[in-house]
Amino acid sequence: MERNLHKQLGNMKKSLFDQGYLDEQFIQLEELQDEANPNFVEEVVTLYYRDSARLIQNIEQTLENNPLDFAKLDNYMHQFKGSSCSIGAKKLKNECTQFREHCKTGNGDGCKRTFQQLKKEYAALKKKLEHYFQVP
Amino acid sequence: MGRDCCSSGAQELHVLAVDDSHVDRKVIEKLLKISCCKVTAVESGRRALQYLGLDGDKSSVGFDELKVNLIMTDYSMPGMTGYELLKEIKGSSRLRGIPVVIMSSENMLARIDRCMEEGAEEFLVKPVKLSDVKRLTNFILRGDEANQMGSSKRKLWDDPCSWFTTSCL
């Protein structure tokens, strides 16, 4: 039974990496986990989703302004990118970079488009990680 | 993985970590604890200065008790940047001897140069790895030993091989 669970976990993790959701940083975090802190990665990820929910909301609201405040958007996205990077969220990190490029060129439509994509990736990763952490 | 630290009564470094990101604070705290450091983590440059007793108000802890061996600060923070914090610390006769390491997600040469010129020990690109922290803390520890032996401080990272030799002088 134990072996099947390990295999399940291994497959899930592999698919998260193969599909480009996560990168090496996630492994680095897992290596910091020990008996004293067996749920360290889950705690970090939970913290990430809690903090980034606020950022996402701020970005959403700021995108409704007219004209768009690109400096403000870039600032929010810089923070979001930083945290995403810290948990190894590869796809999200790339979406953030693209968003910031649009901010630099003042491309409002580009920002909005990229943000929609980003939200989808964000939600998808959240679901996958919730599933991942459920396996004991 | 060797987590058996402080077993031989080796000195425990006290590190002040400064980062506005909650996630990054949690991670750096863990990296430092694994590297056998005592950690105080704060969320802003202001708070850091308060803790160090540099903002005019008397800190609640006596200066001797809070002896900080290393400060690790994020560069981009609202209010006071890591660079500004660095300048405040290096501008203080009492605190300028404390090594300050800057952490940043942006690998910009101009930024790195500016920080090093202002007296930063090192500039780490995020995400910070355990190997970065271990190398740093080992260096600080050996620097302390060298100081105690009355020899002058050297920048060991210019010669990575010297980290692994015992005869460093």
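Even glycines carry a Cβ here, placed using N, Cα and C.
Copied over from TrEMBL, here are the features:
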- A:37-132: domain 'HPt' (DOMAIN)
- A:His78: phosphohistidine (MOD_RES)
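Taken together, the residues of the domain 'HPt' (A:37-132) have an average pLDDT of 96. Each residue in the domain 'HPt' (A:37-132) gets a DSSP state, and the totals come to 80 helix, 2 strand, 14 coil.
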